[in-house]
Structure formats: C-alpha cells, structure tokens
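Below is one structure; the comments refer to it alone.
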C-alpha cells in the first residue's frame, strides 16, 4: 500500500521580484508578517528570472510564458533568437551541419552562397549579427562568391535607420576579403504575410534574376537614392547593387530570419515544385535552400535550428513515476500554470488534475487587488487537507496583474493579500507534514515608478526573484540559482532522480 502523499506545494507569486531599493517598492511597503517570518526562519535566497538565465537575450526582462516554461522544464528553454546567438558565441553555429553542408555543396562545385534576410538590429524577425556570422561561416569554408540579399526593416527599427546596418555588412565583407551586398529591397515586399504575391514576386525576381526597378553602384548609394524617392527602409523598391547576380544551378541559398511568419511566402516561391501563386520566370536547381529555423512543416526546406521539443518536463516525469499533481490558478494565469508549465502541452498528464478559478470581472485589477487569491487558497487548503496529491503547483496572479496597473496603493494591498494566502497554505502544510517552495516567474511589483521619468512603472523588471523553502529539512539555498533549477529541486525533495533532459540542479543543498 502506497503511503499517503504529504504534498509538496510550489507557490509561484507572479511578478514578485526582489529589490533592495525601498522607494516605490510595493513589497517593501506592505505589511507582510508571514513573508517576513519565513525569510527570517526558513532557508531562503534569490534566483534569476531574466536574460540568458531563462533563454532570453542579455538584459531582457522575464515574462510569464518564458518563466513558467523554465520552471516546469528543469532546463533553460532558449528562444530561437537566443539559441542562434548562443550558438554563435559558443562556436557551435560554425559547425552546424545543415549550414555547413549547404555551403560545402556550393563550394565543392565552385558555386555561390546567397544569404537572404532582414538586415536589422531589431531582433524581432532577425538580427544583423546572425547575417554577419553566416557570411563568416561561408568564407571560412572556402566560399569565394558570397552574396547578401538584404531586406530592409524600418518597422521594428526607426523608419530610416538602415545605414548603420549596411555599413556593418560592408565592413564585414571588406574584412573577409570576399562577398558583397548584391541587392536591397524593403521588407514590405520580401516579407509579406498577407498573400500579396505581387510584392513577393518583386523580391523573388530580384534575388533569382537580378530583376530590379533601380540599380546602384553600392548599397549605401542605393539606400540614399531610395530616401531621395521618399521610400523609407520598409518600402525600398527592388534595387540591384553592382553587377547583376543571379541564383544559378548549384548555388546554396540560406534564409537567415529566425521568425517564421514573414519568411514563409518567399520560401514557398523558392522550394515548392508546383507553386502557382505567381509565375516564376525561372526556378534554379539549387544545391540547397535552408531556413535558419523551421518556417512551416509544409515547406520542404531543412532548418538549421530545428524546433526543440521538451521531453520529460516536470509534469510528464511526475506522471511517469506514478505521482499525482494538481495545477491551480485564476483565469489570468491558468494557461501559464498548465500549458506553459507543461512545456507547451495542452492535455493534462496522467494523475494530473486542474482547477480554474475565475478572475474577478473588474475593469482593472487595482479596483480589486486581492483578485481571486482567497478563492484559489480555499481550494489549495482543501487539497492539502485531503492529501490526494503529491505535488500542487499554484500561481498567484496579483503581483503581476496589479503591478501592471501602476497603482502603488493597490499593489501594496495585493502583496498583503498574498501574504495572508501564503500563511494559510503554510499552516495547512504544517498540519500534514507537507513542504513548500515559494518563488516567482519574474519581477514587477517591486518597482512601481520609473526612476528616470517619474511615471508609473507598469512593466516587468530584471530583478531576481525570491526562493524560500518551507519545511523541516536541514538545508540551505545555494547561490546562482535560476528558474530552471526549480523542477530539479522539487524532484530532489520527492526523492526522485532527475531525468537526463533536466540540466538544472537543485537549489537546496545540505546545510
């Protein structure tokens, strides 16, 4: 007969970061006797919930989706942008078999490498550093003919800001001693996603056959001429740079956008044998057409960075080991504690139950800062007393949702409501011999005013988040923890070996 579970409860205080600055800090201002007592008597510390520690670019504030994905996965979950940037830094990019294979085929036949992509530092669809790295990879592997077909931004960047990006790539090619920008066109044409095929055809014909409305000796001259025609970056018309460059049989074509939605239409024109959206004057027999990421499972093009599937996330691993689990949150954060915490899976795992508590129907949550936290807590206390679950994962939305309103007094009340709720959970756990981990997904409520502008600060922060152990074990919190370490910590408390897929390590160590 199995022993009665004494639940391990993971309490996620959404948007509840830590700052040592007391001004405009709703946590500091709140009357929170339970939280203060736990920090004084229980093992506690801080863990990171932002930037590269959660798979985002350096200095990027965390968010709820990324936070819960990392919490549940037990490993840092890298976004495509970050995966590519990290691979470039680590050197893995230059050994990527999909990229090197395409370049080597072209080089072996004495053919050209064509690089397509949004030339921008916007970081939404692409990043110019990735295009620089691709040019370097091609040169390192012996390509003599390297051509960049640059799509100009002006949408995720200022409308006329392409000059510095063009200068960067010109300097890159000069340093490599080979390669050049072969064409310019605005993203309005090359990156359509609304089936405006006349726009896409302009980009396709420019790249494949050097068919252009305008020509220029250099990319900078082409840009200046476009500005003189009153075309901002996004709308620059097809411009051939220097001698005509065509995509010939045996050439390799590599599309360096990492975001899929605006890369699909042009890619279809290059790779679909029965393409009918516009009449292609010519379809070269390319050695390879590569997407930096998978643009669509229906587009027959290899991806240099294939989609990463998350196996053995916490919920799945608990189910495999016969453990029961409860996920509970109010409406605002229900998807986070279920779908995102489960690594992008909609369906519950075996032995998993879910409780959704409706969020209050108010215009803004500063009008009801306690939100539905008391009702959520009622159900958690009930579940603890029943002792049906090995693990309970709860999200409290207050810190984030009230923090987003920018109303300081309401944020203080939200923190005080949370303190009462946490106290009720801790009391219930003590009666049954259970344990809890208290943490957050990212910061917010600890900074309610922008120190530069003096205006309300309604966004997330890059501050670390608390990590508190509640229980009887003689442990301490190690330095350097991140959100991805939380799931391995839970498995350690449950007496389970972590799966190989979880690269995080326990935050709790023997005292």
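Note that Cβ sites are derived from N, Cα and C of the backbone, with glycine treated the same way.
Residues or ranges marked as active site, phosphoserine intermediate by Swiss-Prot on the basis of sequence analysis: 64. Secondary structure from DSSP puts residue 64 (active site, phosphoserine intermediate) in a helix. All protein chains shown were included, and the count of other CB atoms within 10 Å of the CB of residue 64 (active site, phosphoserine intermediate) stands at 23.
Feature annotation from Swiss-Prot assigns Mn(2+) 2 binding site to 14, 64, 441, 442.
What Swiss-Prot lists as substrate binding site is 125, 155, 156, 187, 193, 259, 260, 261, 262, 333. DSSP classifies residue 262 (substrate binding site) as coil under the three-state reduction.
The C-beta environment of residue 460 (Mn(2+) 1 binding site), restricted to residues of the same chain at least 6 apart in sequence and closer than 8 Å, consists of 15, 61, 62, 63, 400, 442, 443, 444. Summarising the annotation, Swiss-Prot assigns Mn(2+) 1 binding site to 400, 404, 460.
Summary: among the binding-site residues (14, 156, 400, 441), the fewest other C-beta atoms within 10 A of the C-beta are counted at 156.
On its own chain, residue 404 (Mn(2+) 1 binding site) has 15, 365, 444, 458, 459 as residues at least 6 apart in sequence with a Cβ closer than 8 Å to its own Cβ. Residues 125, 155, 156, 187, 193, 259, 260, 261, 262, 333, recorded as contacting substrate, have a largest CA-CA distance of 35 Å.
Inclusion criterion for the recorded positions 64, 125, 193, 260: a C-alpha placed within 10 angstroms of the C-alpha of residue 14 (Mn(2+) 2 binding site); this criterion is met by 64. Within 10 Å (C-alpha to C-alpha) of residue 64 (active site, phosphoserine intermediate) lie the following binding-site residues from 156, 193, 260, 262, 441: 441.
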